[in-house]
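Data block below; observations after.
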Amino acid sequence: MAKATTIKEALSRWEEKTGQKPSDAREIKLYAQIPPIEKMDASLSTLANCEKLSLSTNCIEKIANLNGLKNLRILSLGRNNIKNLNGLEAVGDTLEELWISYNFIEKLKGIHVMRKLKILYISNNLVKDWAEFVKLAELPCLEDLVFVGNPLEEKHSAEGNWIEEATKRVPKLKKLDGTPVIKEDEEEES
């Protein structure tokens, strides 16, 4: 089997392709590397100016080494093998969007550190309990959530009460699974 691509190798390919220095760049795309990236290694800490980092469609198992990314606002980790949200604390004060759909996340422990998070795409993961879902209510800025394809959503959508139950538990949401949320008091006023 081919050896995994390291972040360092992916960055040097990216630099060759774009002609930009990774340490200066605001947006870096390292998605779908062949062979795939398996580890978020220490080379990431050189990306001091990066605001948007895409590592989607690789084989990453753990979120790590984000401490040098002082300006990171958008992190794309969709279609990897990530099982939990540990490692996000390093970007808890800056991250506004986390795209982490199509992984193996069951528990949302550690999400509370994301104090600026506005957008969370966490569809097609393994979250099955309300006890995990309610942790999203701890995010003071969260307004757009895509949660479709998690066992919890599938069960309640089949019962016809998903949007009602989800927005009751995370009342600040403005958009759920791509649909604008209309609050009952807004309905009564119209």
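For all residues, glycine too, the Cβ spot is worked out from N, Cα and C.
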Listed residues Ser12, Ser56, Ser157, with the one flagged phosphoserine by Swiss-Prot: Ser56
Same-chain residues near the repeat 'LRR 3' (95-114), Cβ under 8 Å, at least 6 residues beyond its ends: 56, 72-89, 120-128, 132-133, 135-136, 138-139, 141, 146, 149
Secondary structure content, the repeat 'LRR 3' (95-114) (per DSSP, counts of residues): 3 helix, 3 strand, 14 coil
Local confidence of the prediction over the repeat 'LRR 3' (95-114), expressed as mean pLDDT: 98
Which listed residue (Ala2, Ser56) has most other Cβ within 10 Å, given these are modified residues: Ser56
